[in-house]
Amino acid sequence: MATLSFRNVKKTYAGNVPVIHGIDMDVADGEFIVIVGPSGCGKSTLMRMVAGLETVTEGEILIDDKVVNTLEPAERDIAMVFQNYALYPHMSVFDNMAYGLKIRRLPKDEIRKRVEAAAQILELGKLLDRRPRALSGGQRQRVAMGRAIVREPKVFLFDEPLSNLDAKLRVAMRLEILKLHRRLNTTSLYVTHDQVEAMTLAHRMVVMYQGVPEQIGTPMEVFEKPASTFVAGFIGSPPMNLLEVAVGGDGIVHTSDGIALDISPLAVPQQVRGRKVVMGLRPEHMLLNAQGLAAEIEMVETLGSEQLVHGRCGKHMVVVRCSTRQFSETPARVGDTLTIGPDGRHPLHWFEADTGRRVEGL
């Protein structure tokens, strides 16, 4: 196990194209960090710099307080699990898991001991003689994880390891990875674009956007107190409703196209009064037929126990997440107009109109 640190790490490609704009972060011994963000945000580039597959343009990466910028990948004592498994098709499961240890010239008895121990952890004991073509997608991914485990590295790197699996297998493998980390407690860096993976796996998550860490925090910190409109719109399904509003000195709120919101001034903090800001409301923290604003229903998504009600209020689209029972008690249908508003139990979110950052102190 080890600590992992980033000191003003930057990456620029040829032509002076910046990809990573400067990251400072400390990962504690045994911590599971998930880097999440949309395609092109720099998350995989950051992972590859830790692995030694990309050079660091500026700054330092440290493993156990030792700068590793100039070390070869094999010298960093890390193990990486890829999206596409990267198994040798002509080798058995045992040989795939043992290959890296053979390259390092470990004794045969030690190799067998490590492979069998990893196989027991991952429930691969009966599959050691099979070739990859005889395995399911989930089994292949477990073999890839087993190959990483036997190295007994200081740091695990996971590069979107579940992206090739179907929805059911992804759930199962998330649980496998959780159990694996609790058992081994190895420092881990995990890259994904899937917010569900980030929320369920991470001790802390790093939300990346355009090469910049928008927010670093525990999953619930990021969900309950997003640092920017980007984070608010990226974390949460459906994402947070964001309305451009003008707030009067008396706490009365109007949308940017002049529609009044029937919201108690008591819910409007002093920091945003007399200003133009962005107001955020989580879909699950809103109610149908509640004080707020009138919206025309444009679409209803049925998810079994829940309904997603999409409504238009002027130029803004708003989504309400409600139970099927609550929706069945509401006579409104597509094309009808009804009032929707905050449930009063959860605070509203407020962001700066120009920067998108959360209003300070809220």
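Each Cβ is built from the backbone N, Cα and C atoms, and glycine gets one as well.
Record features, source Swiss-Prot:
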DOMAIN    4-235  domain 'ABC transporter'
BINDING   G37, P38, S39, G40, C41, G42, K43, S44  ATP binding site
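Listed in chain order, the residues near the ATP site other than G37, P38, S39, G40, C41, G42, K43, S44 are H193, M208, each with its Cβ within 8 Å of the site Cβ centroid. In the shown protein chains, 7 other C-beta atoms lie within 10 A of the C-beta of S39 (ATP binding site). A 10 Å cutoff on Cβ-Cβ distances gives P38 (ATP binding site) a total of 13 other Cβ atoms nearby, all chains included. G40 (ATP binding site) carries neither a helix nor a strand DSSP state and counts as coil.
Each of the binding-site residues G37, G40, G42 was scored by the number of other CB atoms within 10 Å of its CB, and the largest score is that of G37. Here the binding-site residues are C41, K43, S44, and the one whose Cβ sees the fewest other Cβ atoms within 10 Å is S44.
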